[in-house]
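Participant: Here you go, one structure.
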Amino acid sequence: MGITIVLGSQWGDEGKGKITDMLSQQATLCCRAAGGHNAGHTIVHENITYDFHILPSGLVSPSCVNLIGAGTVVHVPSFFKELASLEEKGLKDAGKRIFISDRAHVCFDLHSVVDGLEEAKLGGRKVGTTGKGIGPCYSDKAARRGVRIGEIMDEAVFERKLRSLHAGYTARFGELEYDVEEEIGRFKDYRKRLVPYVVDQLAFFKQYKDSPNTLVEGANALMLDLDHGTYPYVTSSSTGLGGAVQALSLNPTSITSVIGVVKAYTTRVGSGPFPSEQLNEYGDKLQSVGREFGVTTGRRRRCGWFDLVLCRYSQAINHYTALNLTKLDILDDFDEIKVAVAYVLPDGTRLTDTYPADADLLEKVKVEYVSLPGWKSNTMGVRKYEDLPANARAYIEYIERELGGVPVKWIGTGPARDHMICRE
């Protein structure tokens, strides 16, 4: 089994969907490792637009079997809604090619209610969550009181555990805008419908042990990782390479490539430090030209220049074997393009390849930039590297050199599926 892992290298929304879609055409197995319906990416396949949240995007490939792994949290209504949407758009057999680990956890509507209450209590220190209940669900998992997908099948156990969760949150917050008995009633239907999808993950992988090409689809990104990201402004799961190996019980020696997906500039949704953010006309231009609105929340993304300090840190943790640089065309109309090359701390310390753990300290750093000349010409839809303007190639090659020679193998030049350069 050869395993390819696709990971976000910044704060998410890098455009992982397109490379995942492309690689899934050769994959026989596609897996989601972590996260839930807080993730979101869009794929345009045969002129049809698909929005993915919890489902693996390998479903667009008719020969690809898909797994939602043990490290995920699954909002069951969203699972069925998303599956129905795919089937309505022509993927009629999608339901026969998707499975869920019985060890994945259930994200309830209760968790979404609690998410909103917890954010409200934080006031001006809000994390900026998607409000989907992901954090409270992972909190319940860590506290050993969560409900696993497999436990839905035992009606008595399921109802006891959900009522216990509800009682615990009611004791903490008071009366909630949530009816536990109503949710229990809905799961009487979901229980029957889930039966064909739920599997023992290890037995599933043994069944597909001869799969020549397995694709692991990362959600969110390294800088949102619970351990390595800009804590506490992170998601609640392990979004890096280590998290994928753990969640899917992967054999590390079978990993053949780790692809880091990086935007040609930087974006972030929600709260938290963002050293290269541009609160000026450059940030506004990146936001408007790049159509930077979240797939899941519709929120406006914060925008800034490409950050080498961040990407060196990301590379050191995820060990990318190749990069996919996306949305190069968004930079077409800039006279000059800046790249963050160092952070200077308040005491004068200069950082180039380490990332402070202290979120408050990150808010205080000064950023050193280099300026590179823009290319002021259209790269939309370019499919050959040699057809790019010289300054666009120079920008890409500068990033390669500064990231220690990790090759930029794929370059996104537009929204369409074939707007991609593949460098051999």
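Just so you know, glycine gets a Cβ as well, placed from its N, Cα and C.
Note that the structure is predicted; figures quoted are calculated from it, not measured.
Features from Swiss-Prot:
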{"type": "BINDING", "residues": "12-18, 40-42, ARG301, 327-329, 412-414", "note": "GTP binding site"}
{"type": "ACT_SITE", "residues": "ASP13", "note": "active site, proton acceptor"}
{"type": "BINDING", "residues": "ASP13, GLU14, GLY15, LYS16, ASN38, ALA39, GLY40, HIS41, THR130, ARG144, ASN220, THR235, ARG299", "note": "IMP binding site"}
{"type": "BINDING", "residues": "ASP13, GLY40", "note": "Mg(2+) binding site"}
{"type": "ACT_SITE", "residues": "HIS41", "note": "active site, proton donor"}
{"type": "BINDING", "residues": "VAL295, THR296, THR297, GLY298, ARG299, ARG300, ARG301", "note": "substrate binding site"}
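What does the local environment look like for each feature on the list?
Facilitator: Taken residue by residue with DSSP, ASP13 (active site, proton acceptor) is part of neither helix nor strand, so it is coil.
A simple way to gauge crowding: the CB of ASP13 (active site, proton acceptor) has 26 other CB atoms within 10 angstroms, across all the protein chains here.
The Cβ neighbour count for HIS41 (active site, proton donor), using a 10 Å radius over every protein chain in view, is 23.
Under the DSSP three-state reduction, GLY40 (IMP binding site) is assigned to coil, being neither helix nor strand. All chains included, 20 other C-beta atoms sit within 10 angstroms of the C-beta of GLY40 (IMP binding site).
Annotation for ARG300 (substrate binding site): same-chain Cβ neighbours under 8 Å, separated by at least 6 residues, are GLN287, GLU292, PHE293.
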Participant: What is the nearest of the binding-site residues GLY12, GLY15, LYS18, ASN38 to GLY298 (substrate binding site), using the Cα of each?
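Facilitator: The smallest Cα gap between GLY298 (substrate binding site) and any of the binding-site residues is with ASN38.
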Participant: Give me the largest Cα to Cα distance among ASP13, GLU14, GLY15, LYS16, ASN38, ALA39, GLY40, HIS41, THR130, ARG144, ASN220, THR235, ARG299, the residues the record lists as binding IMP, in Å as a whole number.
Facilitator: 34
Participant: So which recorded positions out of ASN38, HIS41, THR130, ASN220 end up within 10 angstroms of LYS18 (GTP binding site), measuring C-alpha to C-alpha?
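Facilitator: The recorded positions close to LYS18 (GTP binding site) (Cα within 10 Å), listed in sequence order, are HIS41.
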Participant: If you measure ARG301 (substrate binding site) to ASP13 (active site, proton acceptor) at Cα, how many Å is it?
Facilitator: 9
